[in-house]
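Enquirer: Quick one: the structure is below, questions incoming.
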Amino acid sequence: MSSANQVLVLNCGSSSFKFALLNSETGTETLSGLAERLGSDDASITFKRNGNKNSLSLNDKNRHLDAIKTLVSYLETEGLSNDIAAVGHRVVHGGEKFTESVVIDSSTIKSIEDVSSLAPLHNPANLIGIEAAMVAFPGIPQVAVFDTAFHQSMPAKAYLYAIDKQLYKEKGIRRYGFHGTSHFYVSRQAAESLAKQISETSVITVHLGNGCSVCAIENGQSVDTSMGLTPMEGLVMGTRSGDLDPGITIYLMRKYGYDADKLDQLLNKQSGLLGLSGLSNDCRTLEQALESEDEQTQQSAQLALEVFSYRVAKYIASYTCALTHLDAVVFTGGIGENSDYLRSRIIAHLGVLGLSVDEARNTAARFGHSGPIHGNDSRAAIWVIPTNEELVIAQDAARLTFNHSQDNQQQGA
Ligand code: ADP
């Protein structure tokens with residue numbers, strides 16, 4: 001066992017993986033980086049350490065395994081490998097099986113495989129990372145942390161769809177929700193900022209990144225969230241549509257011959273801010289386009305951002321139904337942490353609930369600066385809190401393997 005409390009956090013996608021080596025107690029990051037384009041001729045891995053970046057090409061015959069082996073060599077060369085006490089893996093879908101993080105053994109792997117059909121793009125990639133890491137770090141405990149686990153506390157009225165209930169009972173079709181580690185983390189940070197016990201804190205957390213979701217958290221527990229069976233439901237996202245009339249898909253199939261692949265492409269890759277604006281999925285680009293001299297560009301960007309913010313506001317308003325009281329609305333994620341423009345647009349729709357923004361505070365809370373942004377007359381606090389999913393994964397991995405004193409940090413359950 002290492003005394004350094006270092007946890008290697010891996011977030012593995014089908015052709016890339018992100019990694020970070022951090023101290024589970026202090027959150028200090030020693031190393032971070034990204035392996036990308038795995039499976040192609042220009043696969044590479046980039047290490048970020050002490051403010052320096054260093055990229056290497058990968059011999060990519062074995063994709064993730066080669067990349068992880070290169071990471072292991074780097075850790076050895078830099079004298080960091082002996083400090084690793086645990087490896088924490090982000091796993092997207094835990095189904096109903098996983099209500100909290102777990103130490104990985106062969107039965108866990110089998111269970112993650114069993115729910116893979118619910119997240120066919122993500123879970124198999126997460127498993128590749130887990131299996132490669134088990135080979136590369138023999139003897140070091142590995143922990144799986146699920147995006148869905150925090151939301152397993154939702155009541156049936158929130159997670160059931162109003163369709164034939166056999167589809168839930170036999171096929172597991174229900175709301176699971178995602179971004180659980182992020183909603184968990186910022187809600188705990190919010191309770192601390194409000195100087196309240198988490199068990200008495202009710203907040204609506206709004207994670208706005210490339211993927212976007214809202215979560216209603218009653219006394220520390222997730223009671224509703226906007227993503228569903230898959231991460232497509234709910235808010236307008238970078239390229240995902242979020243909510244739409246299910247009849248649209250039937251109409252496109254019957255009238256225009258769409259099949260599953262074409263619908264997937266449309267709703268996952270070509271919709272959201274990109275589809276609405278025809279310009280970009282990137283919020284920064286759209287905010288710049290608001291200043292464009294070309295009227296059509298300016299209007300397209302404005303309309304996309306208006307649909308985006310109105311949808312977020314509708315979710316915040318509707319989630320007040322899930323709570324007995326509202327202590328705070330919390331913004332996080334790349335957009336939530338940085339776009340004072342969109343935060344202001346969103347809260348402007350919520351005047352009827354008595355929420356207001358202080359524009360000077362709103363402008364100040366960007367680029368890593370957290371803080372309250374509500375006006376003095378606002379009926380609930382509004383906070384900007386940077387998320388830290390890696391830290392939650394590292395803390396859960398530490399708690400389950402070498403630092404059992406962190407029991408109160410547990411997410412899910
Ligand atoms: P991911 O979901 O991939 O982790 P992020 O949380 O990094 O994504 O969020 C990416 C989004 O954040 C992009 O739409 C990006 O434009 C937006 N973003 C980042 N910085 C700013 C900024 N200064 N102003 C507005 N949007 C920003």
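Just so you know, glycine gets a Cβ as well, placed from its N, Cα and C.
Whatever TrEMBL says is automated annotation, not expert-curated.
So TrEMBL lists these for the protein:
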BINDING   Asn11, Glu389  Mg(2+) binding site
BINDING   Lys18, His207, Leu208, Gly209, Asn210, Gly211, Asp282, Cys283, Arg284, Gly334, Ile335, Gly336, Glu337, Asn338  ATP binding site
BINDING   Arg90  substrate binding site
ACT_SITE  Asp147  active site, proton donor/acceptor
SITE      His179  site 'Transition state stabilizer'
SITE      Arg240  site 'Transition state stabilizer'
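Show me how these features fit into the structure around them.
Expert: There are 22 other Cβ atoms within 10 Å of the Cβ belonging to Asn11 (Mg(2+) binding site).
Long-range Cβ proximity for Asn210 (ATP binding site), meaning a same-chain Cβ under 8 A and a gap of 6 or more residues, is found for Met237, Gly238, Thr239, Asn281, Gly334. Mapped onto three states, the DSSP output places Asn210 (ATP binding site) in coil.
In the three-state DSSP scheme, Arg90 (substrate binding site) falls into the strand class.
Around Asp147 (active site, proton donor/acceptor), a 10 Å sphere centred on its CB holds 27 further CB atoms from the protein chains shown.
Residues within less than 8 Å, Cβ to Cβ, of His179 (site 'Transition state stabilizer') and separated from it by at least 6 positions along the same chain comprise Asp147, His207, Gly211, Ser213, Cys215, Thr225, Met227. Under the DSSP three-state reduction, His179 (site 'Transition state stabilizer') is assigned to coil, being neither helix nor strand.
If you draw a 10 Å sphere around the CB of Arg240 (site 'Transition state stabilizer'), it holds 26 other CB atoms from the protein chains shown.
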Enquirer: Relative to the Cα of Asn11 (Mg(2+) binding site), which of the recorded positions Arg90, Arg240, Asp282, Glu337 has the closest Cα?
Expert: Arg90
Enquirer: I'm trying to understand the geometry here, so how far is the Cα atom of Ile335 (ATP binding site) from the Cα atom of Glu389 (Mg(2+) binding site), in Å to the nearest whole number?
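Expert: Taking the Cα atoms only, Ile335 (ATP binding site) lies 16 Å from Glu389 (Mg(2+) binding site).
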Enquirer: Check the DSSP secondary structure of Lys18 (ATP binding site), expressed as helix, strand or coil.
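Expert: In three-state terms, Lys18 (ATP binding site) counts as strand.
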Enquirer: So which of Asn210, Arg240, Asp282, Arg284, Ile335, Glu337, listed as recorded positions, have a Cβ under 6 Å from an atom of ligand 1?
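Expert: The recorded positions passing the 6 Å Cβ test are Asn210, Asp282, Arg284, Ile335.
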Enquirer: Over all shown protein chains, what is the count of other CB atoms within 10 A of the CB belonging to Glu389 (Mg(2+) binding site)?
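Expert: Excluding its own Cβ, Glu389 (Mg(2+) binding site) sees 20 Cβ atoms within 10 Å.
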Enquirer: Please give me the recorded positions out of Leu208, Arg240, Asp282, Arg284, Glu337 that lie within 10 Å of Arg90 (substrate binding site), comparing Cα atoms only.
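Expert: Taking Leu208, Arg240, Asp282, Arg284, Glu337 one by one, none has a Cα falling within 10 Å of Arg90 (substrate binding site).
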